[in-house]
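Taken straight from Swiss-Prot:
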- 77-115: coiled coil (COILED)
- 152-202: coiled coil (COILED)
- C278-C307: disulfide bond (DISULFID)
- C430-C443: disulfide bond (DISULFID)
- 269-489: domain 'Fibrinogen C-terminal' (DOMAIN)
- N164: N-linked glycosylation site (CARBOHYD)
- N192: N-linked glycosylation site (CARBOHYD)
- 1-19: signal peptide (SIGNAL)
Amino acid sequence: MRPLCMTYWWLGLLATVGAATGPEADVEGTEDGSQREYIYLNRYKRAGESPDKCTYTFIVPQQRVTGAICVNSKEPEVHLENRVHKQELELLNNELLKQKRQIETLQQLVEVDGGIVSEVKLLRKESRNMNSRVTQLYMQLLHEIIRKRDNALELSQLENRILNQTADMLQLASKYKDLEHKFQHLAMLAHNQSEVIAQLEEHCQRVPAARPMPQPPPAAPPRVYQPPTYNRIINQISTNEIQSDQNLKVLPPSLPTMPALTSLPSSTDKPSGPWRDCLQALEDGHSTSSIYLVKPENTNRLMQVWCDQRHDPGGWTVIQRRLDGSVNFFRNWETYKQGFGNIDGEYWLGLENIYWLTNQGNYKLLVTMEDWSGRKVFAEYASFRLEPESEYYKLRLGRYHGNAGDSFTWHNGKQFTTLDRDHDVYTGNCAHYQKGGWWYNACAHSNLNGVWYRGGHYRSRYQDGVYWAEFRGGSYSLKKVVMMIRPNPNTFH
């Protein structure tokens, strides 16, 4: 049954192919051509009978030839299978070639990727080396920065130590000079006392025995300035360095009056003080510029001051003087507070003394200056006073007038600064740069307590001379400077 069905299927297939192509169609391949020739030659022949298989003859209508066609069912099936196998082989070959090409492409990619991977590994290695080198350089830079900071700190410490040593040396030199002055004053005092004793002895010999010797005025200066009595007063009220240094210098001016003990009209004698200030001494008849004993109101503090009675209109109390550079003004806070120097030469009266003087009334300030060519100028301020030490002696100034230019108002309202007390508005200590004590701002338009340089123009790392910026500038050290105060009843602020 199955062979018969297969035979029908193949015959139908051949009939369809033959109807589609026709007898005039081109024959492709040798096997198809021989098959068609066999059909045409034997179309009227019967196939040989075989004892195993049965054959059938179908008559398929043709366009030109009519009749039955006998087809061998074996041979077309074999040819078709061969064609199918060839197509499959070709497909397999093509697939193999395609896969071979893909494999070659993959091998090339693998080779390229392998090179890239090796390059990436090399770059990573170089990157690690570079990072390590950068880290080393960074650490070296940090060590260098730290070393420089340490060196800068050590240098700053050395500079501070040098400054302190210099200040100590200058203080020792100043103390040595003060001791020399003390010795000279003591020698002068001993000589003067010897002369006074001799004069008294001579006077006693001239006075008759029956006539009582007239008594000297009760407030005579020798009684005030004798060392025992004066030392007791000073020990009670003050230990001012200036007072202890200069207490022996007031006696010589009074020596000429000592022989006149026989003059009886005591009502004409001048009061010997102490006075409230130099103006009161002038009003009491003391018109000579000299050292006077002053006791401000509201305090028991006695102080010796230089009174300038010649500068019009007189009555000026000198609080600072610079004239020859004999005194070092680069001092600490306590020294500036108590005062230092020589009252008849370069000296600073003392912040505490200035405070008590200026707070007993309205005072004005006069600053006289002279350069090295002899030119003299002045600056006057209508009011001048200091706050107490709790306010670090803050400066209070009034209105300016004069011909020197205003270089002090910029310091108004500022606290006093020394090398060991920094109260200025600058980030550092202005006293270290200006080499003095002053009411520094940031830092100074005037520096009258600076270094006294000879000749005017000076060379220094900082502007540390005795200068008034509006008069000759900050790089010019003035020859003479005097700061003095006087009561001003018509004070206006």
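In case you wondered, yes, glycine gets a Cβ from its N, Cα and C as well.
Keep in mind the model is a prediction, meaning the values are calculated, not measured.
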Proximal residue to C278 (disulfide bond) among recorded positions N164, N192, C430, C443 (C-alpha distance): N192
CB within-chain contacts under 8 A for C430 (disulfide bond), separation at least 6: T417, D422, D424, W438, Y440, N441, A442, C443, A444
For C443 (disulfide bond), the three-state class that DSSP assigns: coil
The one of C278, C307, C443 whose CB sees the fewest other CB atoms within 10 Å, among these disulfide-bonded residues: C443
Glycosylation sites (N164, N192), the one with most neighbouring Cβ atoms at 10 Å: N192
Integer Cα-Cα distance in angstrom, N164 (N-linked glycosylation site) to C307 (disulfide bond): 34
Average pLDDT across the domain 'Fibrinogen C-terminal' (269-489), rounded to a whole number: 93
Between C307 (disulfide bond) and N192 (N-linked glycosylation site), the C-alpha gap once rounded to whole angstrom: 23
Mapped DSSP class for C307 (disulfide bond), helix or strand or coil: strand
